[in-house]
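Here the structure is laid out as structure tokens; the discussion comes afterwards.
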Amino acid sequence: MSFEVGAATTSSFPPPGASALEEEPPLLEELGINTKQIWQKTTSILNPVRVWNPNNLHDDADLSGPVLLLMSFGLFQLLAGKIHFGIILGWVTVSALFLYVVFNMLAGRNGTLDLYRCVSLIGYCMLPMVTLSALSLFLPQGGLAIAAAALLVVAWSTRVCTKLLGQVARWDEHPRLVAYVCFLIYSLFSLLVVF
């Protein structure tokens, strides 16, 4: 073994061809991350009045968008001086399990909601919470303005999540019970922002 400069140029491995690199798919495609679909799902949450699920967009569950939204929620909380990353991820896990169990118990044999899709829907419906977290940087903590904004955002997230759960699982028998569970979940997250 030699440490001379000339010895480094003589390698036993052939240089990789440019054609081998060009044949590789892009990294996001290889990982199964569809940025266009993530953007469409995110924009479908933005209208609190009309729940928009074109071509059953939310039937194809993914976790890339929800993880991005949860990390941005945690980042805004970090900018407010609160370190809540572990709490956020733990609460999402517990709330997804809770919603999964409650929804499938209510639906009985008609329950077609799987846990992966449940986590995806809870994560995408966190978008209003992310906006509340960003807005809380400019509002006084514990005031009436942040409490009113939190109440509106909880209602927005609850409505969108309830409607999307009914559309994705194709089951609309007890929407108020499902809305109550969603209300509890998003109320927990709003408490992180308000206090």
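Cβ atoms are placed via backbone N, Cα and C, with glycine included.
Sequence annotations record features per position, and here TrEMBL assigns domain 'Yip1' to 70-193.
The feature transmembrane segment is assigned by TrEMBL to 83-103 (among others).
Within its own chain, the transmembrane segment (144-165) is flanked in space by residues 45, 48, 51, 53, 58, 99, 103, 113, 121-122, 124-129, 131-132, 135-136, 175, 178-179, 182-183, 185-187, 190, 193-194, which lie at least six positions past its ends and keep a Cβ under 8 Å from the stretch. Annotated transmembrane segment per TrEMBL: 144-165 (among others), in sequence order.
Residues 73, 77, 82, 84, 87-88, 91, 95, 98-99, 102-103, 106, 122, 125-126, 129, 132-133, 136, 141-142, 146-147, 150-151, 153-154, 157-159, 161-162, 165-166 of the same chain lie 6+ residues outside the transmembrane segment (177-194) yet bring a C-beta within less than 8 angstroms of a C-beta in it. The annotation transmembrane segment is assigned in TrEMBL to 177-194 (among others).
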- Which residue counts does DSSP give the domain 'Yip1' (70-193) for helix, strand and coil? 100 helix, 0 strand, 24 coil
